[in-house]
Amino acid sequence: MSELSDEASEPELLNRSLSMWHGLGTQVSGEELDVPLDLHTAASIGQYEVVKECVQRRELDLNKKNGGGWTPLMYASYIGHDTIVHLLLEAGVSVNVPTPEGQTPLMLASSCGNESIAYFLLQQGAELEMKDIQGWTALFHCTSAGHQHMVRFLLDSGANANVREPICGFTPLMEAAAAGHEIIVQYFLNHGVKVDARDHSGATARMLAKQYGHMKIVALMDTYSPSLPKSLYRSPEKYEDLSSSDESCPAPQRQRPCRKKGVSIHEGPRALARITGIGLGGRAPRPRYEQAPPRGYVTFNSSGENPLEEEGLCCRDVTSPINERDVESSSSSSSREEHAFCANLGPVQSSSSSEGLARAQGLSSEASVESNEDSDHACKSSARKQAKSYMKTKNPDSQWPPRAATDREGFLAESSPQTQRAPYSGPQDLAALLEQIGCLKYLQVFEEQDVDLRIFLTLTESDLKEIGITLFGPKRKMTSAIARWHSSARPPGDALELAYADRLEAEMQELAIQLHKRCEEVEATRGQVCQEQELRAVVESCLLEQDRAREDLQARLRETWALARDAALVLDQLRACQAELSSRVRQDQPPGAATLGLAVPPADSKGWQASLQAMSLPELSGALEDRVREMGQALCLVTQSLEKLQVLNGKKWRET
């Protein structure tokens, strides 16, 4: 195969056969370089034409398992090649053949969220309630991986939502609650699952959610089951009754060693790491020979031979990195010898099936595979396209995905002390900085705004946009340069780790801006809380003063009531004197002399009237004057008491 160019697209790469590097100057014919794809590899990397050719020849057993115990349908179902799955199903392959772990193609598709493939498999008679060696059904696998749409699809297809796995006694609802999948828990509750079911330790789904700090799920389950007894909310001796404030506390780590999760997309890179001898740290051994293979070639050698001996190279079956049991296989039914990948892999132009070969550059194998277990299969292709388009703009000489540089420590550790750069001091003016990042043409824009280097280093992305830097590329370069200046990092370059560091620095700067805003919001909230506390203290003091004023008012009212009662008694006496005086005037007869010199009668009304009849007219007149004087004094006291009540009540008494 001719050397691949940087402009080669992914379909062009997939349509070419695999090739090997036989050393510099070695003359090898094109026929010897061609390595045909077997059916399992073609199904795993999405080679529809190769699979179609194998199906049409009718010479191969489509249900045959490879050394790892996987069929072509399993690979296509796991990766998500729906066209190949449809082709194999039309050819009549078996849909319920399990792997050595007991996982059917439906379980593999469910673990990766491939909803369309699960639909095809169910249409062809796939058993929905079939269990693997752990006792997990397809519903368990998609629930554990967090694929919401797949869970809803299986529930609508009639999956048993109350099934239990035998190890811990978990139901799918318990698995979702313990893992924190809130939307999946919502689906199960809407489906009507048993929320009061307990596992082998006596814990319910609500207890598991509370134990691992998923308080939103706890509140969600409380809204769906408000009448549950409190005995279900607390397990004796094992689970404490946590308050709602526990959500702010760090949740315990979920460690479940007794239970194994379903198939993960990360198993592919791990398997490839064991094949190639490269650890998950992303560091490959350094080459011990001077000859380096050209771009686009992969070296092969026998595991027991010296890497320098190129005569031992031969073809082999391509081992898929997805099924880790492929590594354990020591023999194959084919006549070709079994060889392992050389530990010193050269640069490889990889497709979706060989992205794990990025470990040859010292990069992380897990990061080289575009995986998102918490999202559905529809999001994978768009994320992969965005990653590739981003790398074309950041580093046109490299075709590795941007996520392949997540293991920065392993990559940077490979640089020798002689190649490390000197400490970066930074440019002295704005023109030098802009020239360094390739944005010198924008110097005039900053000069018009009177922006020097000191002001430039304080600008944010929104400030640059306001000044007039509207293009995304220059704006990102400037924000990365500002972030690098503040972090005293090295200047930007063309290396892959520097491109990744630029993106991280920009994200860190944006996070710092958001943190500053949040701190300001927290300070404003604290000020509001202080104001509310002061207002509360003022209101409490006002209430205390009102209570004291009310008590004084009640005391004054009691005194006024007593004075009014005395005034009423004097008024009755005055009326009696007036009545007697009126009767005497009408009779026009002088009273007897025996009544002269009588003392003031008692205050009793009956005795008062009897004594008035015995008084003379002058005495009666004097008694009337005395009663009028007492009446005036009583009214004066009542008026004074009412005036005191006016002050306490806050308004004039006579105004009412």
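Just so it is clear, glycine is given a Cβ too, placed from its N, Cα and C backbone atoms.
The Cβ of Asn96 (3-hydroxyasparagine) has Thr104, Gly125, Ala126, Glu127, Met130 as same-chain neighbours under 8 Å, each 6 or more residues away in sequence. Residues annotated as 3-hydroxyasparagine in Swiss-Prot: Asn96.
According to Swiss-Prot, the phosphoserine annotation covers Ser201 (among others), on the basis of similarity to another entry. DSSP assigns Ser201 (phosphoserine) to coil in the three-state reduction, outside any helix or strand. If you draw a 10 Å sphere around the CB of Ser201 (phosphoserine), it holds 12 other CB atoms from the protein chains shown.
What Swiss-Prot lists as phosphoserine is Ser225 (among others), and the listing cites similarity to another entry.
What Swiss-Prot records for Ser243 (among others) is phosphoserine, and it gives similarity to another entry as the kind of evidence.
If you look up Swiss-Prot, you'll see Ser244 (among others) marked as phosphoserine, on the strength of similarity to another entry.
If you look up Swiss-Prot, you'll see Ser245 (among others) marked as phosphoserine, on the strength of similarity to another entry.
If you look up Swiss-Prot, you'll see Thr319 marked as phosphothreonine.
Residues or ranges marked as phosphoserine by Swiss-Prot: Ser320 (among others).
According to Swiss-Prot, the phosphoserine annotation covers Ser368 (among others).
Positions annotated as phosphoserine by Swiss-Prot, on the basis of similarity to another entry: Ser371 (among others).
What Swiss-Prot records for Ser375 (among others) is phosphoserine, and it gives similarity to another entry as the kind of evidence.
Cβ neighbours within 10 Å of Ser541 (phosphoserine), excluding its own Cβ and spanning all shown chains: 10. Per Swiss-Prot, the feature phosphoserine maps to Ser541 (among others); the stated evidence is similarity to another entry.
Taken from Swiss-Prot, the feature region 'Interaction with NEK7' covers 1-422, and the record attributes it to similarity to another entry.
The region 'Disordered' annotation in Swiss-Prot covers 235-265 (among others).
According to Swiss-Prot, the region 'Disordered' annotation covers 277-312 (among others).
Swiss-Prot lists 346-425 (among others) with the feature region 'Disordered'.
Averaged across the repeat 'ANK 5' (168-197), the predicted model reaches a pLDDT of 93.
Helix, strand and coil residue tallies for the repeat 'ANK 3' (101-130), in that order: 16 helix, 0 strand, 14 coil [DSSP].
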